[in-house]
Amino acid sequence: MRILVTNDDGIQSKGIIVLAELLSEEHEVFVVAPDKERSATGHSITIHVPLWMKKVFISERVVAYSTTGTPADCVKLAYNVIMDKRVDLIVSGVNRGPNMGMDILYSGTVSGAMEGAMMNIPSIAISSANYESPDFEGAARFLIDFLKEFDFSLLDPFTMLNINVPAGEIKGWRFTRQSRRRWNDYFEERVSPFGEKYYWMMGEVIEDDDRDDVDYKAVREGYVSITPIHPFLTNETCLKKLREVYD
């Protein structure tokens, strides 16, 4: 397959290098990734300013470029400029830390894959769910095995897979729902060396979803969480109720 690999941790991150090198053992791999950390940039794109791109070296088997853009920019550039619109699969990752619950709305990793889904290209976001001790190789090897088994024709149009891999021994995988996992944010007030006040965002994770088949519960129990998601955000249940009342 011709595989495009991107991420939001940057071209220099271990996660993308390990993933690209392992995938290139069996596939034609192109890497287009941000030239610096772009975590939590969501699905932003670059407009009104130039996008710069530079060829970089990862390995002999991998064609790689860094860009000044976001993960979504990287996918657009790769598809339209570098790969001549011939892409069989897009993989975004391996991310350092989980992308579960409401994280996916902020995640540049997920947005890189979602950009592919919006083009109706098979796309996967993959994260090592332990931020402190990420197992990039374990996540990458899981993905390689998964690709040999999974039938992408089972996915609806414009749908991607969001995969979170637990650290340590993997018991198997589960197809899961996006959870209601979210953050309670607060801001720590600090003072710069120049005496200027600034704020540092902090947060505590809230995991109180009462459903059993959600992403973080699978990961907590040692299973890889695989969640099919799409870019269409309409709340169909609420829409039906509103129409019944007001139409």
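Using N, Cα and C of the backbone, Cβ positions are placed for all residues, glycine too.
The structure displayed is predicted, hence computed values, not measured ones.
What Swiss-Prot lists as divalent metal cation binding site is ASP8, ASP9, SER39, ASN95.
The local packing around SER39 (divalent metal cation binding site), expressed as other Cβ atoms within 10 Å of its Cβ over all shown chains, amounts to 17. Taking the mean position of the Cβ atoms of ASP8, ASP9, SER39, ASN95 as the divalent metal cation site, the remaining same-chain residues with a Cβ inside 8 Å of that point are ASN7, GLY10, SER13, GLY15, GLU37, ARG38, PRO71, ARG96, GLY97, SER107, GLY108, THR109. Each of the binding-site residues ASP8, ASP9 was scored by how many other Cβ atoms lie within 10 Å of its Cβ, and the smallest score goes to ASP9. The Cβ of ASN95 (divalent metal cation binding site) lies under 8 Å from the Cβ of ASN7, ASP8, ASP9, GLY15, SER107, THR109, ALA125, ILE126, SER127, SER128, each on the same chain and at least six residues away in sequence.
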